[in-house]
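Structure incoming, see below.
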Amino acid sequence: MKLFAGNSNRVLAESVAQYLNIPLGKASVRRFADQEIFVEIQENVRGEDVFVLQSTSYPANDHLMELLIMIDAFRRSSARRITAVLPYFGYARQDRKPGPRTPISAKLVANLITEAGASRVLTLDLHAGQIQGFFDIPTDNLYAVPVIARDVKANYATGNCMVVSPDVGGVVRARSLAKRIDAQLAIVDKRRERPGESEVMNVIGDVSGKDCLLFDDIVDSGGTLCNAAEALLNKGANSVTAYITHGVLSGGAVARIASSKLKELVITDSIQPTNAINDAPNIRVLSISDLIGEAIARTAAEESVSSLFD
């Protein structure tokens, strides 16, 4: 077994390698003057079980192209099996046609990874479960819930916690956390009462006096989270903390979170945190390196991965 990494999340890759007690593989990923990407594998991988870790986060197209070229390099170097380890799968929110004459980009990206030569995929908290079926190769979708539940139990009196889904579509995900910490579930329902009016946040469930835990897979602009936190506090919640797997946090999101009524935003390192995120007073990062490392170890040993979540 050998583990390699592109440039998107070297810190996580090094932590995973440490968990596995193996060195991170030697590979050069660099750019020519015209910004074309060039990859050189700097050690023998013939007959090896290769894992290449790369989040296709911002800049998504550069990191995706790095991944595809690395997979091709391993295939042409006679690796026995190539597993693409994608802690964050970019383009996941483009999983359906939003209107006529539009693409399903998540399916296209899955095809590209497969055609480049990947034998299987390991990823984390896909935005939509059906994306797992977009790949024509074995694909394991890991869940951050065990890591998050452990952190909740260490920091909160779970008897007073209420898990909240920030929208109707995330209820199944939120319920999985609520079940693990034995908490009740509430939902924030966004709707426009009349055309042309601003969105209204309706809270389904009694959150009065509760420590509310918003749980979702992606935070991007942060607007929905901040508005949901305000709605919950207006309904009498004691505090609001957000647990989110993938901290995209684009644009002015970090500043928006810092000035919001959220007690804390907790994200994982599926996307490498920026300096601004690390310096933010109310943003904390949980590592998923042990989870990813254990999934890799079990895959290499041909053992069950799903039993990690039993």
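Placed from the backbone N, Cα and C atoms, the Cβ positions cover glycine too.
Sequence annotations record features per position, and here Swiss-Prot assigns ATP binding site to Asp34, Gln35, Glu36, Arg93, Gln94 based on sequence analysis. What Swiss-Prot lists as Mg(2+) 1 binding site is His127. Residues or ranges marked as Mg(2+) 2 binding site by Swiss-Prot: Asp167. Residues annotated as active site in Swiss-Prot: Lys190. Here Swiss-Prot flags Arg192, Asp216, Asp220, Ser221, Gly222, Gly223, Thr224 as D-ribose 5-phosphate binding site.
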In whole Å, note down how far the CA of the residue listed as 'active site' lies from the CA of Arg93 (ATP binding site).
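Distance between the two Cα atoms comes out at 19 Å.
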Given the recorded positions Gln35, Glu36, His127, Lys190, state which is nearest to Thr224 (D-ribose 5-phosphate binding site) when distance is taken between Cα atoms.
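That would be Lys190, nearest by Cα distance.
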Can you name the residues of this chain that are 6 or more positions from Gly223 (D-ribose 5-phosphate binding site) yet have a C-beta less than 8 Å from its C-beta?
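Those within reach of Gly223 (D-ribose 5-phosphate binding site), by Cβ under 8 Å and sequence separation of 6 or more, are Arg256.
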Measure from the CA atom of His127 (Mg(2+) 1 binding site) to the CA atom of the residue listed as 'Mg(2+) 2 binding site' and give the result in Å, rounded to a whole number.
13
Please name the residue among the binding-site residues Glu36, Asp220 whose C-beta has the most neighbouring C-beta atoms within 10 angstroms.
Asp220
Over all shown protein chains, what is the count of other CB atoms within 10 A of the CB belonging to Asp216 (D-ribose 5-phosphate binding site)?
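I count 23 other Cβ atoms within 10 Å of it.
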Inside 10 Å of the Cβ of Arg93 (ATP binding site), count up the other Cβ atoms and send me the figure.
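A count of 17.
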